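Features as listed in TrEMBL:
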type    : residues                                                                : note
BINDING : ILE6, GLY7, VAL8, GLY9, ASN10, MET11, SER33, ALA67, VAL68, LYS69, PRO70 : NADP(+) binding site
BINDING : ASN54                                                                   : NADPH binding site
DOMAIN  : 2-96                                                                    : domain 'Pyrroline-5-carboxylate reductase catalytic N-terminal'
DOMAIN  : 159-260                                                                 : domain 'Pyrroline-5-carboxylate reductase dimerisation'
Amino acid sequence: MKLGFIGVGNMAKAIISGLVKKDVAGKDILVHSAHPQNYETFAKQSGLTAVSDNTAVAQQADVIILAVKPTVIKRVAEEIQPVLTEEKLVVSIASGVSLADLQAVLGTAQPILRVMPNVNVEIAQGMTAVKATGDLNAAPYQAGVELFARIGKTMEVAENDFPIFAALAGSAPAYAYLFIDALSRAGVKYGLTKANATKIAAQMVQGSAQMVLNSDEVPYALIDKVSSPGGTTVAGLLAMEEAGFSPAVVKGIDATVAKENG
C-alpha cells in the first residue's frame, strides 16, 4: 500500500516517524509540500519518496493524507479531485474542516476519513480520533484506521466532539509536560538534580497512566488506594486541591475548547 502525504509539517512528520518505526517501508511513503527545501530534504533524510506535485501524490498513493493548513485544504482538494477514484482513501488531519466541507469539493462518493492524531504518534503511543463518510469497518476506511492503530490507539468520535477531543488528546500532552515539570521542580527544591527529578516524575506519570488503562476502576478509586487516612498522600492532595488544582485543569480545557471552536 502506498501512502501519500501532501504537506510535511510537524504532525505529518510525527505520523511518518511513527509509521517508519512500525516497519512501514520509507519507499512506500510519498511526500510533497509547497516548500521543496522542506519535503525534499526530509524525504532524503528519512528514506521516503519525494514527489514533484500534489496531483502525482494522489495518482500514485492508495491513501492520501492531507496534512496542510486548514486555510488551503480546500484548494488542495480541488487540485487532486480529478485524479481520485473511489478505491482511494482521502485522510484529512486539518482542524476545523468537516467531512461535509471536503465532500463539497471531492464529492459524496469519495471515501474520506477525518482524523485528529496527537503528537505521541511519533513514538507509536498516539491517541487519534477518527470519523468517516462511510462504515469504518469497510474498505478503504479500515485501511486508514489500521494505519493510525499501528501508531497508537484510535477512537471513533462524532465530529461535534472533535474540539473536546483536541483539548484532551491534542493539547493535553503539553499540560502533562507542565505537570511533570512542576513535579521535577519540586524535586529540585528538595535537592534532586533536575535530570533525576524529571526521570522520576515522567516514569511515575507513565506508570500511573498505564494503571488507569489497565484498571476497571475510575481514577478516583485508584487515588483512594494510595491514600492512607491522615497520611502524606492525603496531605498533598488536600494542599493541591486547596490551591485549585482540579478547577485549574478544567479551566485549561475550557480555554482550549473555546479556542478550537473559534
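A Cβ is built for glycine as well, from the same backbone N, Cα and C atoms used for every other residue.
A map of TrEMBL features onto the structure.
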residue: ILE6; record: NADP(+) binding site; CB count, 10 Å: 30
residue: VAL8; record: NADP(+) binding site; CB count, 10 Å: 26
residue: ASN10; record: NADP(+) binding site; CB count, 10 Å: 10
residue: SER33; record: NADP(+) binding site; CB count, 10 Å: 22
residue: ASN54; record: NADPH binding site; CB count, 10 Å: 23
residue: VAL68; record: NADP(+) binding site; CB count, 10 Å: 25
residue: PRO70; record: NADP(+) binding site; CB count, 10 Å: 13
Span of ILE6, GLY7, VAL8, GLY9, ASN10, MET11, SER33, ALA67, VAL68, LYS69, PRO70 around NADP(+) - largest C-alpha separation, Å:
14
The domain 'Pyrroline-5-carboxylate reductase catalytic N-terminal' (2-96) [mean pLDDT, rounded to integer]:
96
Where ASN10 (NADP(+) binding site) and ASN54 (NADPH binding site) are concerned, what is their Cα separation in Å, rounded?
18
Expressed to the nearest Å, what is the distance separating the residue listed as 'NADPH binding site' and ILE6 (NADP(+) binding site) at their Cα atoms?
6
